[in-house]
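For reference, TrEMBL has these:
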TRANSMEM  40-62  transmembrane segment
TRANSMEM  74-97  transmembrane segment
TRANSMEM  109-133  transmembrane segment
TRANSMEM  154-175  transmembrane segment
TRANSMEM  195-224  transmembrane segment
TRANSMEM  245-266  transmembrane segment
TRANSMEM  278-297  transmembrane segment
Amino acid sequence: TTIPYGPIWNTYYHPGYDCSRAMAPGPAWNKVHDISQTMFGLWSVVFGLTAELLYLPCMLALRQEKNSCFKIMFALTVCDMLTLPVSSIIFGVGLILGEVYCSHPTFHFFLGAFGLGECRIWCSTSMIVLILASNRVAELSNKAWLFEGFRTPLSLTIAIAYGLTVGLLTPPPMLNSQFQSYFFNPFISFTDEYVFVNWFHAINNIAVVFFSTAMYAYFCIILLMKQGAMKTETGQKKMKKSYSVFLQAFLIMLFNVVSSSIYVYMNFFYTPLWLVQVAQLMWQFAQGMPPVIYLALNQTVRRYTGRMLGFNEVTSIRSASMARSSMA
């Protein structure tokens, strides 16, 4: 019997999520399994908190810009900041405590569906990353009008509505310390009595892999075709800007693609523990590495962050001092 699709609050009462079939729910499940994962847990907590701190100046910098590209990047930043507690911070604490679904079933079930909603925000984020790549392709193809006016907010609204639909109407993933990741199977009796499959999530991940690859290939083709026509100074600036932002989108997309591929595989087939850990790390990187990428490759974000921290003022003072010294 497969878990029925429908409102998530109805799914919660399905017998497949009844922990009492094996043992009363509660912290006793942690002790019985003895599955605390301290090292991976500490890494996850530290990584998540560090990424959240790095996101703050990036978010403020992106908020200052009004063009469509930065609006999309800002929306992606908000989604990532909401997901990081699930993929890293809460996940890390759960590993340290040795949590499984039945340790606190209500908390873990609704964490995957509502709250910070791993499933719904991941699906929204996946679509927003594709929207960002599409925006760069449109800019380079002289079709920037596709994202002008109401079109960018509309596309982001559709992405968020899509994620909400998946999160509210399909089974949620839940933390499992023993296997060090999130699974749709609560692993109550470790039998095949129930089949826990979220087909919408699997289709979403497969689509991410396919469309991400297609989008990047299309961008490369356009880049090669336009090299001759972009020899003017204005054209070169436009090319450089599009290339820089698309590189940022591609790096973010790369983590999404690797994570999506492995997550689809491991929810249907036997997967060695090291590969499960790679999938979890790639998911953490997909949500936590964008601020590092922005700070390294995005001049607007880097300038704004430097101004916030006072680096630009220090540089200006030093430059002025050197100028006065040379005049003397």
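Placed from the backbone N, Cα and C atoms, the Cβ positions cover glycine too.
Of the ranges 40-62, 154-175, 245-266, 278-297, the one with the most Cβ pairs under 8 Å to the transmembrane segment (74-97) is 40-62. Sequence-remote contacts of a segment are chain residues at least 6 beyond its ends whose Cβ falls under 8 Å from one of its Cβ atoms, and for the transmembrane segment (245-266) they are 69, 76, 125-126, 129-130, 132-133, 136-137, 140, 181, 201-202, 204-206, 208-209, 212-213, 215-216, 219, 275-276, 278-279, 282-283, 285-286, 289-290, 293-294, 297-298.
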